[in-house]
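Following: one structure in structure tokens, then a few remarks.
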């Protein structure tokens with residue numbers, strides 16, 4: 001080193017004064033603190049859902065009407081039951097969401113834990129040991145030793161030992177330690193190519209060196225990741241399924257609003273009374289009580305039409321995923337995983353074991369003698385006192401005795417997992433920081449590329465990808481893709497372009513270099529064992545066993561939850577259309593809310609706890625934003641079940657006297673007979689709703705193929721619903737609901753009249769399956785139209 005080097009070794013001149021001046025200009029060597037979301041902000045986030053807001057509005061209106069009715073008798077108290085149940089559902093849903101998302105921003109805090117707290121600095125030619133790392137400024141000279149965490153981005157200016165090796169995999173994704181030196185490199189070199197630089201948060205594995213601080217705080221590579229994580233968190237958008245649910249909620253709101261207003265308007269004539277004077281109506285009087293009564297009915301119809309249990313479906317799915325080692329941190333990620341179309345996977349620690357293993361040994365001379373000598377040398381040892389030593393002479397004048405081939409072997413289950421993903425219509429894109437040739441060999445081994453496939457156009461470095469004129473066309477290629485020597489900015493660009501191309505992206509990773517892309521993806525999945533705290537805190541889901549196969553199992557579970565949601569909506573809508581669209585004035589609001597409570601509170605539980613096999617969901621394509629939760633044909637089919645319900649209850653309400661249940665049929669023209677007719681209608685309605693839950697087991701599979709006992713929870717829920725209704729019809733509680741007990745023959749008739757709803761749905765399923773089969777055969781026979 002020359003005079004400049006001697007000056008550099010002394011460090012900052014008048015170090016304390018220079019440091020203070022530079023602190024004023026550059027700030028301190030620490031990451032910025034961003035304001036966390038407040039408690040109330042997180043709570044309000046749980047209400048950012050169309051269906052939840054509808055439920056909240058209806059619950060508030062119902063509660064206000066219940067308060068207006070007043071009174072302390074039991075029939076008045078029942079008016080509070082429905083709004084309280086809805087409030088309870090919303091509170092539980094908010095608590096689950098709050099608990100899972102309250103720690104979402106800890107990724108930024110985890111980054112700070114990576115930073116070194118102390119450093120050995122040379123100022124004015126004097127070593128300052130244990131200087132707080134936050135007081136470092138650009139221009140400081142730092143001494144690094146084996147075991148140190150690099151406190152800032154620094155330029156290596158001198159090697160005290162013969163080698164300097166740094167573990168920087170958590171930042172760059174490289175699976176091996178990197179040799180550093182003081183040779184100058186080009187300014188546009190990628191992070192992996194900057195061998196003369198050491199970066200904040202990385203670890204010195206071997207050697208001692210003198211380094212010059214070039215970047216601190218937010219100007220370091222980790223600082224850039226910190227800022228990118230924060231920006232990604234601020235720009236989070238709704239998941240694909242949440243968008244569909246919001247669209248469904250908006251459409252449902254309009255339908256409910258129109259029907260309820262019509263019901264209220266149709267009964268406006270009952271709001272007024274008048275006297276006839278000389279043949280003309282005079283002295284009009286407005287009845288506020290009747291106006292309120294019919295408004296209560298309209299609100300009850302709104303409650304009947306809204307699937308208030310839907311938010312709970314996703315929450316219950318998180319428990320099943322946790323049992324499969326997929327720990328959900330953010331509630332929406334459950335349904336998003338089921339819609340995944342692309343998995344962007346890191347290689348190190350995800351597809352590979354991240355543990356080097358010997359695959360080949362080559363020795364000079366006679367193999368047997370060489371191996372014996374190698375064994376003796378390899379098993380000998382030198383007493384060591386545990387302190388850090390530098391022995392530069394030990395790495396010179398060595399004797400070459402052979403070569404050992406090492407590799408990071410792939411996980412045993414990866415090959416089958418990638419094959420399952422391909423069968424499920426999910427593309428696997430590998431993004432790694434390793435060398436291109438190494439990454440290509442590994443991707444061929446694990447099945448990302450098919451045997452004999454030309455991979456020249458499918459394997460690029462991050463820098464080559466950024467230089468493409470049309471990046472989207474490259475990403476649209478079928479099959480697997482590989483990006484090597486990828487930096488954090490490259491991963492972000494890949495994820496961003498995929499999302500803009502309507503792909504649902506799941507990103508896996510375990511290092512700091514993955515954190516930003518994890519945050520940007522539709523769903524971030526990190527390794528629970530090998531993953532850094534930064535990656536874990538930035539993501540939506542953690543794989544507790546670091547098993548890539550767990551992702552496939554989680555996708556199957558996500559698709560199961562997606563279909564369970566469709567089953568739940570199918571059941572609720574088919575049940576609710578009848579209540580809302582038909583003239584329901586034969587029941588009072590308390591009776592209507594009782595019906596809702598039965599199939600929402602009991603039968604609903606069994607509907608969406610449906611047991612599906614792993615393979616059945618991997619073969620179903622739920623991808624893309626164009627896949628609708630509900631179609632018009634489904635609505636038409638569901639209305640048929642509601643039509644049967646309306647058809648079966650109308651004889652009881654219009655002419656109950658046609659059925660001979662009592663000794664004296666004329667009793668049905670009396671008030672008691674009207675109450676009996678209402679009881680029969682209400683009982684048929686409950687029975688139809690319970691039997692209709694069997695139809696929701698599958699959208700097109702017959703009960704002969706998927707029998708009810710595949711889901712014993714549903715059978716239990718059905719029994720509970722019918723049992724509760726039987727109890728109220730045979731006890732003193734019946735007076736509260738304005739009904740009377742029924743005889744054995746009447747109960748039999750109720751079941752007989754309600755059961756055909758299953759036959760109707762079976763017929764509709766048969767027609768649907770037959771129609772799709774014909775359409776599929778026609779598509780294979782008819783020639784495809786030529787594109788222009």
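Placed from the backbone N, Cα and C atoms, the Cβ positions cover glycine too.
Within the listed segments 550-570, 571-591, 592-612, 613-633, TrEMBL records transmembrane segment for the stretch 592-612. Annotated by TrEMBL as transmembrane segment, the relevant range among 77-99, 100-122 is 77-99. TrEMBL tags one of the stretches 667-689, 736-758 as transmembrane segment, and that stretch is 736-758. With DSSP classes pooled into helix, strand and coil, the tally for the domain 'P-type ATPase A' (114-228) is 22 helix, 45 strand, 48 coil. Model confidence over the domain 'P-type ATPase A' (114-228) stands at 85, taken as the mean pLDDT rounded to a whole number.
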